[in-house]
Amino acid sequence: MKRERGALSRASRALRLSPFVYLLLIQPVPLEGVNITSPVRLIHGTVGKSALLSVQYSSTSSDKPVVKWQLKRDKPVTVVQSIGTEVIGTLRPDYRDRIRLFENGSLLLSDLQLADEGTYEVEISITDDTFTGEKTINLTVDVPISRPQVLVASTTVLELSEAFTLNCSHENGTKPSYTWLKDGKPLLNDSRMLLSPDQKVLTITRVLMEDDDLYSCVVENPISQVRSLPVKITVYRRSSLYIILSTGGIFLLVTLVTVCACWKPSKKSRKKRKLEKQNSLEYMDQNDDRLKSEADTLPRSGEQERKNPMALYILKDKDSSEPDENPATEPRSTTEPGPPGYSVSPPVPGRSPGLPIRSARRYPRSPARSPATGRTHTSPPRAPSSPGRSRSSSRSLRTAGVQRIREQDESGQVEISA
């Protein structure tokens, strides 16, 4: 009995200690490994600038870690691999001179390109540790948004029009997202306001007077946000618009008619002035040629008159019709009585302009020629009906004319010599 009681007591004690033994058996033993942390999981980079993929690791080992950065694609691309900060192997050409490693395992990428965008994975391991630490960081690379502008076909619209379209346009920028503002506030939900799938185009259907306002758009991407200048959209009532358009059309028509009416006469007057100028030039050229020819011929005619005074007298006698009708009175009218030894010669009406001008100074005549002049004055008058008398009168007239021409030539020579 005593033996049975002792066995039961030992068994009960063993059952009491079994939970503690079980706990000791299932408690895990701490394993050595690398723990990696990162302050950010998403980094936004700008083309041409730098991005820091920051990480930190902890380990019980004091050895240098082996760090490996990869860019996850369909086939992972190794960016860099190092022991501590010392690069192992050769870098890819597209990453050469653009990366830098730090002691905590962080990676700095310089001169970012659009191709650098993606998910980066870092692996850090130490030889004494059993497990390797891993961490992923997402990197986006974008181009900043340039200032947008709202494009419209016209800033004025007629009330109750079918549709009116506004387009938000910009030159540069990647991954843009668009937001429309009315009077600086986001558009309210309205069935008349229709947006394109990318929200770049705003269409207002059945325009109302309340749509008369300032409109602008905001374009943004992960690295920038830019707002356009507002555009004023003016909505006219149909009646007022008709008045404005009709008035403007009438004014434009009147202006065109006035311009056309003024332009045509001016064109004709220009042609007329041009023809008159040409005619005047031709007339002046003809006058110059005629004056030159007259200047060449006048001196010669004067010389011929001096050389042949009888011919000049005959020509003048033919031109005149009075000497035959009153031959007795004409010699007296041509000469006037004067002091003895002087005679006054009448001016010759048909004298050529080429002859020299007589001086006002008078010179005494030769006494040998005065009787001829006296005979001319003392000749008795004859009846005009007698043929013999007309012949003698014409002869005396010719003699007196020749005598006067000779006296004029002599006086001209005396004046020239003086």
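Just so you know, glycine gets a Cβ as well, placed from its N, Cα and C.
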Practice prompt. Write down the residue from S62, S224, S280, S359 that Swiss-Prot flags as phosphoserine.
Written response: S280
Practice prompt. May I ask you to name which of S345, S352, S366, S370 Swiss-Prot has annotated as phosphoserine?
Written response: S352
Item to complete: Consult Swiss-Prot and report the residue, out of N104, N189, annotated as N-linked glycosylation site.
Response: N189
Practice prompt. For N167 (N-linked glycosylation site) and N35 (N-linked glycosylation site), determine the Cα separation and express it in whole Å.
Written response: 52
Worksheet item: Can you count helix, strand and coil residues in the domain 'Ig-like C2-type' (148-234) using DSSP?
Response: 3 helix, 47 strand, 37 coil
Worksheet entry | Candidates N35, N138, N189 (glycosylation sites) - the one closest to C168 (disulfide bond) by CA | N189
Worksheet item: What else in the chain is close to the transmembrane segment (241-261), if you only count residues 6 or more beyond its ends and a Cβ gap under 8 Å?
Response: 158-159
Worksheet entry | Length of the line joining the Cα atoms of N35 (N-linked glycosylation site) and N138 (N-linked glycosylation site), in Å | 19
Worksheet item: Using Cα coordinates, what distance in whole Å links C217 (disulfide bond) and N189 (N-linked glycosylation site)?
Response: 16
